[in-house]
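Trainee: Can you keep this structure in mind? I'll have questions shortly.
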Amino acid sequence: MPPYTIVYFPVRGRCEAMRLLLADQGQSWKEEVVTGDSWVKGSLKSTCLYGQLPKFEDGDLILYQSNAILRHLGRSLGLYGKDQKEAALVDMANDGVEDLRCKYVTLIYTKYEEGKDDYVKALPGHLKPFETLLSQNQGGKAFIVGDQISFADYNLLDLLLIHQVLAPGCLDNFPLLSAYVARLSARPKIKAFLSSPDHVNRPINGNGKQ
């Protein structure tokens, strides 16, 4: 039986980064898919700590909050930098990913039609810090921090991939980010995951907007 279980809606949402991480690290996991109807009418929501998903099970450890789950996997699988300095930088980068993801989620679920144009216009300013971080680490030819992949890389990769769907060409003026996406997407296990039916057929968001 797989050691990990992801309990989540039938979308990529806040779980695709952890799926990328697990796939790339050669880990197996079980998916428990929760439909919107069962979430609203069933009892699961009342048992969830914050009344929300994802719920993540690692043996008898149950976690909520997607970034707490990523950090747990980072610690467990050696994906948290090589020392405390790198760990702090990984946290900083991941917090930046969360900031932009929150903006994205707000757009998708609350003001897509009227807000998309302004969002796309402002997007370069939100992407620039990640280009800067890459430029400060081995000329942008490695990872977001240090010389080994971290949980923040998987989170950033997912964020960039969904923005390329929202705004094709959004990375055209960011050569380091463009190369970074290509480089990480070419890692054999990530490449296999990204081309798998599970990923391809899984909607990005729950309302059909992307």
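Even glycines carry a Cβ here, placed using N, Cα and C.
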Trainee: Of TYR4, TYR8, which does Swiss-Prot put in the glutathione site with ARG14, TRP39, LYS45, GLN52, LEU53, GLN65, SER66?
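Mentor: Of the residues offered, the record points to TYR8.
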Trainee: Express the distance between the Cα positions of LYS103 (N6-succinyllysine) and LYS116 (N6-succinyllysine) as a whole number of Å.
Mentor: 11
Trainee: Count the residues of the domain 'GST C-terminal' (83-204) that DSSP assigns to helix (H, G, I), to strand (E, B) and to coil, and report the three numbers in that order.
Mentor: 92 helix, 0 strand, 30 coil
Trainee: Average the per-residue pLDDT over the domain 'GST N-terminal' (2-81) and send me the rounded value.
Mentor: 97
